[in-house]
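Engineer: Below you will find the structure I want to go over with you.
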Amino acid sequence: MSVFGSRARGRVERACHYLPVVVNTLLVLSITGEVSYLVLVEAPREPEQKAGEWSAVWKAAHLLLQYFMLGNITWNASLFLKTSPSIRGVFLGGDGVGQGWRYCYTCETHTPPRCSHCYDCNVCVLRRDHHCVFFGQCVGFRNYRYFLSCLLFMWAGLLYAVVMNAEVFIVILKEGVTLHSVMLLMVPWIMLVSGQVTARAFAFAFIADTCVVGFLLVAAFLFFHIALMLRGQTTREWYSSRRPYSLGPLANVKECLGQRWYLCWLCPLIPSPLPGDGIHFRVTGSLEPASSTVSQ
Ligand SMILES: [Zn+2]
Ligand SMILES: [Zn+2]
């Protein structure tokens, strides 16, 4: 009975681990499919606008841009998942144990500065930033570039999708700001279940809503991480006002994206070796908190 229970729990845990990746993939593919449909079939949407119909070259340019962004999102995401940021298989060196090094009782080893243990991945991660629940993997020294590039193209793709879906909002609100149109935009699921709208109207409203919400979320994440990168901090270090590992904005960017930082975001295949090893870091400030001063 207990064996059956532990097996079932193992399966549920595995399903929960992969569920966010599956849901994200479905959402990205649905949004891409919808904007491709808008370009190929619905541009322009109104029959009286036929004179201004998009040319084949313009449609091809849109499709090319869409699939360039989709390719970058999926490629960066798969390289992010394939590139383990953990200490497994990394020679940490016994002689480097010094300031900033800690002992991890779970991994039973000394770990370098900026490394910390992830209880979801169950391993210590080099220059650990955070555990990404959307990918089910930690963001660390070796896969930060792919994480940031994926975020950048998700932001650009969602911005494009929001602009393309402006037409959908216009069509829905054409009848005026009625209870029906507001409900369709705010709670499309309820309108579908209650039989108030067709599945087609629901699909367009749902995807348009997802694009707006997704864009705001991804924009917040992206700009937060760009600010952290420029400051030479990880998400865990952001809580502290001290920036002992900051080497200046440009050097901080190189530390995260590598030598070809200005080019590597265009394609994940462009090699951009990282200047450090994720174990040793140049320290430019005090690692210890400043001693608190008693106010007079
Ligand atoms: Zn550990
Ligand atoms: Zn983790």
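Cβ coordinates come from backbone N, Cα and C, glycine included.
Got these off TrEMBL a minute ago, pasting:
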TRANSMEM  21-40  transmembrane segment
TRANSMEM  60-81  transmembrane segment
DOMAIN    101-240  domain 'Palmitoyltransferase DHHC'
TRANSMEM  144-163  transmembrane segment
TRANSMEM  169-190  transmembrane segment
TRANSMEM  202-230  transmembrane segment
Engineer: To the transmembrane segment (60-81), which of 21-40, 144-163, 202-230 is linked by the most Cβ pairs under 8 Å?
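Structural biologist: Against the transmembrane segment (60-81), the leading stretch is 144-163.
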Engineer: I'd like to know if the transmembrane segment (21-40) touches the transmembrane segment (144-163) in this structure, counting it as a touch only when three or more C-beta pairs sit under 8 Å and are separated by 6 or more positions.
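Structural biologist: Since 3 or more Cβ pairs under 8 Å link them, the transmembrane segment (144-163) and the transmembrane segment (21-40) do come into contact.
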